[in-house]
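One structure is given here, and the rest of the page talks about it.
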Amino acid sequence: MIAAAASMSALGLGLGYLLGAAARKFHVETPPIVEEIAKILPGTNCGACGFPGCNGLAEAMAEGNAPVTACTPGGRDVALALAEIVTVEAGADAGPIAEIEPMVAFVFEDHCTGCQKCFKRCPTDAIVGGAKQIHTVVMDACIGCDACIEVCPTEAIVSRVKPKTLKTWYWDKPQPGLVAASAETAA
């Protein structure tokens, strides 16, 4: 018994040392811009952008192969933050950032069979429900990646515009020329 425990411990320590040495030897340095972009992205790795996770999108943006608006779950705020980094440091053209309406999944409960394929596929656990029971989406947790829509066998899930609440609604900042012109006409 003691010999088995000692041999397993020695084997574990030896393999751990080999893994640590291999990690140091084969370490690949990532550019700092990729790390900056990855910090801004939501980190849900949903794949809605078409890249394998948020790090894949960050690498593509750093190389100039992906637009700053590729991350749909991040929305307008993430696109604006990425535009500042990518255009200044990578020299990529950000282009105009269109107003992206945040989307959420919606389940038609009369079509849902409770197969749980959407439940298993959701990266943020925004879908609730049990086996052979009707599922529903928690709108505050849904990021709009559409991963659940792809796997639904009965097409009971659709993507809808997220309803505006006091948390999500905002006014655009007024343009400086318009404010000055309206002040002059008022006087």
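Keep in mind that glycine also has a Cβ here, set from the backbone N, Cα and C atoms.
In sequence order, ALA38, LEU41, PRO42, GLY43, THR44, ASN45, CYS71 are the residues of the chain that are 6 or more apart from CYS54 ([4Fe-4S] cluster 1 binding site) and have a CB within less than 8 Å of its CB. For CYS46, CYS49, CYS54, CYS71, the entry in Swiss-Prot reads [4Fe-4S] cluster 1 binding site.
Sequence-distant neighbours of CYS115 ([4Fe-4S] cluster 2 binding site) (same chain, 6+ apart, CB under 8 A from its CB) are PRO153, THR154. Positions annotated as [4Fe-4S] cluster 2 binding site by Swiss-Prot: CYS112, CYS115, CYS118, CYS152.
A coil conformation is recorded for CYS122 ([4Fe-4S] cluster 3 binding site) in the three-state DSSP classification, outside any helix or strand. Look at Swiss-Prot and you will find CYS122, CYS142, CYS145, CYS148 tagged as [4Fe-4S] cluster 3 binding site.
Taken from Swiss-Prot, the feature domain '4Fe-4S' covers 29-88. Averaged across the domain '4Fe-4S' (29-88), the predicted model reaches a pLDDT of 86.
Under the heading domain '4Fe-4S ferredoxin-type 1', Swiss-Prot lists 103-132, citing sequence analysis as support. Residues 44-46, 72, 138-139, 141-162 of the same chain, all 6+ positions outside the domain '4Fe-4S ferredoxin-type 1' (103-132), place their C-beta atoms under 8 angstroms from a C-beta of that stretch.
Positions annotated as domain '4Fe-4S ferredoxin-type 2' by Swiss-Prot: 133-162. Long-range contacts of the domain '4Fe-4S ferredoxin-type 2' (133-162) within its own chain (CB-CB distance under 8 A, at least 6 residues past either end) are made by residues 42, 44, 46-48, 72-73, 101-109, 111-119, 121-127, 168.
Positions annotated as region 'Hydrophobic' by Swiss-Prot: 1-23.
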- Message: Quick check: of the binding-site residues listed here (CYS122, CYS142, CYS145, CYS148, CYS152), which one has the Cα closest to that of CYS49 ([4Fe-4S] cluster 1 binding site)?
- Response: CYS145
- Query: Between CYS148 ([4Fe-4S] cluster 3 binding site) and CYS118 ([4Fe-4S] cluster 2 binding site), what C-alpha distance do you get in Å?
  - Reply: 4
- With the [4Fe-4S] cluster 1 site defined by CYS46, CYS49, CYS54, CYS71, which remaining residues of that chain have Cβ atoms positioned within 8 Å of the Cβ centroid? LEU41, PRO42, THR44, ASN45, GLY47, ALA48, PHE51, GLY53, LEU57, ALA70, THR72, PRO73, GLY74, CYS145
- Which residues, sitting 6 or more apart from CYS152 ([4Fe-4S] cluster 2 binding site) on the same chain, put a CB under 8 Å from its CB? LYS117, CYS118
- Where DSSP helix means H, G or I and strand means E or B, what are the helix, strand and coil counts for the region 'Hydrophobic' (1-23)? 22 helix, 0 strand, 1 coil
- Message: Quick check on the binding-site residues: of CYS46, CYS148, whose CB has the lowest count of neighbouring CB atoms inside 10 Å?
- Response: CYS46
